[in-house]
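Participant: Below is one structure. I have some questions about it.
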Amino acid sequence: MLRQWQELAEQVREHQFRYYVRDAPVITDAEFDELLRRLEALEEQYPELRTPDSPTQLVGGAGFATEFEPVEHLERMLSLDNAFNTEELTAWAGRIHADVGDSAAYLCELKIDGVALSLVYEGGRLTRASTRGDGRTGEDVTLNARTIEDVPERLSHSEDHRMPEVLEVRGEVFFRVADFQALNASLVEEGKAPFANPRNSAAGSLRQKDPAVTARRRLRMICHGLGHTEGFRPATLHQAYLALQAWGLPVSQHTTLVADLAEVQARIDYWGEHRHEVDHEIDGVVVKVDDVALQRRLGSTSRAPRWAIAYKYPPEEAQTKLLDIRVNVGRTGRVTPFAFMTPVKVAGSTVAQATLHNASEVKRKGVLIGDTVVIRKAGDVIPEVLGPVVDLRDGSEREFVMPTTCPECGTPLAPEKEGDADIRCPNTRSCPGQLRERVFHVSSRNALDIEMLGYEAGAALLSARVIGDEGDLFGLTEEELLRTDLFRTKAGDLSANGRRLLANLDKAKAAPLWRVLVALSIRHVGPTAARALATEFGSIDAIVAATTEQLAAVEGVGPTIASAVSEWFTVDWHREIVERWRAAGVRMADERDDSVPRTLAGVTVVVTGSLPGFSRDEAKEAIVTRGGKAAGSVSKKTSYVVAGDAPGSKYDKAVELGVPILDEDGFRKLLEQGPPAEAGEPT
């Protein structure tokens, strides 16, 4: 059962990575949801498998580090649960009725196919903009967000709505269809590859290193929710939207307040027929309980509010020619067939390939190479081959045969265990396909984030035998790089990219321990678990010396990840990788500043309101450097809440849960002496 859980969790994490980091998903929304539901059902049956690091407990983008500075949301920024049919929508409404009766009215909003963004206004001035990230911590994209036409630097004065001291507002960044088409046309004229769809282009444009590039791309934004507020407590969401509009923030003109489920369904049906009349892409309708007090009663899971749901429309379809089926070997050895097709427009973007998952799925769909096939964009995002148009066959089609040996190394393929639909290459150490994927993983943003070591560069280094595996990366020299055409000029000198690669590799040697742990490709160890292990043990050697039980006892790790870590370090060539990196100068231990006493080890502190003696960042830094956790929301696990001037809803939550509340003097004593600290009302 543990192995089944591990496989499911690994698949979910892989698809989350492809969606949130690469912007290149390979399965449909429905297929992903089915994987997640299977994982949830397994954890319900065997609760001991559920760990804080499980995909079922995290918001979709959790654990994928980026090149932008991390910033903590004032209040959690959650995802939405989905409904794909009337039955699922009715079941959700039934749960609402069971909890709060017939009193709930609903807001129906268009589900914009874009990128979530959180804005923070303090005293009416924009102070921060961040992406969703893992729901607690996102990327700071303030400079880029300021270039968006719809995002005001300062809120407008309103006679009817008092401006709040602090306003955290959530919304969606997107492209209008016409602007997206113009952007792609300009990219083609410049000889660059066009974006696949508006969502990908919005994500890429918002995360540009140069804000001037973002400014040229005509991004738009619509606000659709609130986070933390101080001095603003609307009774209903539609009243909140009126206030946002009065302050100059963009809100949708297509939002409708309705009384019951029948009216909800009517709005869903209407927009299903008129979706292309909107100037931006939509992939559904979001339904929310309007009453804020009822929202609080309904609460949320670890990843989504119970008072809202996204109804997803059936995807659009098109026909095209299936030119070939080829297989790809992934980082873990999984062999996946892919359909290569004549490029065709579906739901506003061009599709040329799609995953077929495994041989059983190819057989189930009944597709042959040479078929005319029906494809769709599930959730209007992910391409999927539905099946063949049998009537158009002319006899030239041929059956796809899954290889019995690895196309990369020739090793016989086999399922990991009897009954598995997936087959794998067991040659984990030296299979060229797996090697390329592992080298690429070392350089990825959620690992060591090494620029100039992309997929092409890694493949070139391996094919030229400059490196044998990822263990050789940090010992690379200028002479060795000159053996590859990719890093050699026509004059025979090292190229600028080659020099940058060597500099970036040298810089990566000083990366924090958690990034090194992620880069080692230990199964199940993402940034969340890696950070927990690095914080607890401080060095690779201490982690290796720890027992499985000691590893499992770390918050955020648990037995599954602990077993994977222990097993990984028992393999000889795994340990060789570590030692080669160590010998090349990669730091295998975090440096701790012993001059600052760790008075807050194991203590979780939430700060609300303004403190005269600390900025928000200074207060957080003071907590973290003393070994504590600076959290963004109050829960039963919160040790203390520090309340300054004009505290917000976090103060109320602390009172409700009985969490000790400190003023600034109490906070200073806590920093100096550690707990127990004397609680006191804010001054």
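Yeah, the Cβs are placed from backbone N, Cα and C, and that goes for glycine too.
Quick caveat, the model's predicted, so the values are computed rather than measured.
Annotation source Swiss-Prot lists NAD(+) binding site at Asp29, Ala30, Glu31, Phe32, Asp33, Ser79, Leu80, Glu109, Arg132, Glu172, Lys288, Lys312. Sequence annotations record features per position, and here Swiss-Prot assigns active site, N6-AMP-lysine intermediate to Lys111. Annotation comment: Swiss-Prot describes Cys406, Cys409, Cys425, Cys431 as Zn(2+) binding site, evidence class sequence analysis. Taken from Swiss-Prot, the feature domain 'BRCT' applies to 595-683, supported by sequence analysis.
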Participant: Compile a sequence-ordered list of residues in the same chain as Cys406 (Zn(2+) binding site), six or more apart from it, whose Cβ lies below 8 A from its Cβ; state 'none' when nothing qualifies.
Facilitator: Val329, Val335, Pro412, Leu413, Cys425, Asn427, Cys431, Gly433
Participant: I need the neighbours of the Zn(2+) site defined by Cys406, Cys409, Cys425, Cys431. Which other residues of that chain put their C-beta within 8 angstroms of the C-beta centroid, in sequence order?
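Facilitator: Those within range, site residues removed, are Val329, Gly333, Pro407, Glu408, Gly410, Thr411, Leu413, Pro426, Asn427, Pro432, Gly433, Gln434.
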Participant: Just the number: how many Å between the Cα atoms of Glu31 (NAD(+) binding site) and Cys409 (Zn(2+) binding site)?
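Facilitator: Just about 30 Å between their Cα atoms.
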Participant: Reported as an integer number of Å, what is the Cα distance between Asp33 (NAD(+) binding site) and Lys111 (active site, N6-AMP-lysine intermediate)?
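Facilitator: Distance between the two Cα atoms comes out at 18 Å.
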Participant: For the C-alpha pair, I'd like the distance in angstrom between Cys409 (Zn(2+) binding site) and Arg132 (NAD(+) binding site), rounded off.
Facilitator: 40
Participant: Could you pull the average pLDDT for the domain 'BRCT' (595-683)?
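Facilitator: The answer is 80, the mean pLDDT of the model over that range.
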Participant: Please report how many Å separate the Cα atom of Leu80 (NAD(+) binding site) from that of Lys111 (active site, N6-AMP-lysine intermediate), as a whole number.
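Facilitator: Each residue's Cα considered, Leu80 (NAD(+) binding site) and Lys111 (active site, N6-AMP-lysine intermediate) end up 11 Å apart.
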Participant: Roughly how many Å lie between the Cα atoms of Arg132 (NAD(+) binding site) and Lys111 (active site, N6-AMP-lysine intermediate), rounded to a whole value?
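Facilitator: So the Cα of Lys111 (active site, N6-AMP-lysine intermediate) lies 16 Å away from that of Arg132 (NAD(+) binding site).
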Participant: Under 8 Å between C-beta atoms and at least six apart in sequence, can you list the same-chain neighbours of Lys288 (NAD(+) binding site), or say none if there are none?
Facilitator: Tyr106, Leu107, Glu109, Leu237, Gln295, Trp307, Ala308
Participant: Work through the binding-site residues one by one (Leu80, Cys409, Cys425, Cys431) and point out the residue whose CB has the fewest other CB atoms within 10 angstroms.
Facilitator: Cys409
Participant: List, in sequence order, the same-chain residues at least six positions removed whose CB sits under 8 Å from that of Lys111 (active site, N6-AMP-lysine intermediate)?
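Facilitator: Looking at Cβ-Cβ distances below 8 Å from Lys111 (active site, N6-AMP-lysine intermediate), excluding near sequence neighbours, one finds Ile282, Asp283, Gly284, Val285, Val286, Ala310, Tyr311, Lys312.
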Participant: Measure the Cβ-based neighbour count of Arg132 (NAD(+) binding site), defined as the other Cβ atoms within 10 Å of its Cβ.
Facilitator: 24
Participant: Hey, what's the Cβ neighbour count for Asp33 (NAD(+) binding site) at 10 Å?
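Facilitator: Step by step: centre on the Cβ of Asp33 (NAD(+) binding site), count other Cβ atoms within 10 Å, giving 18.
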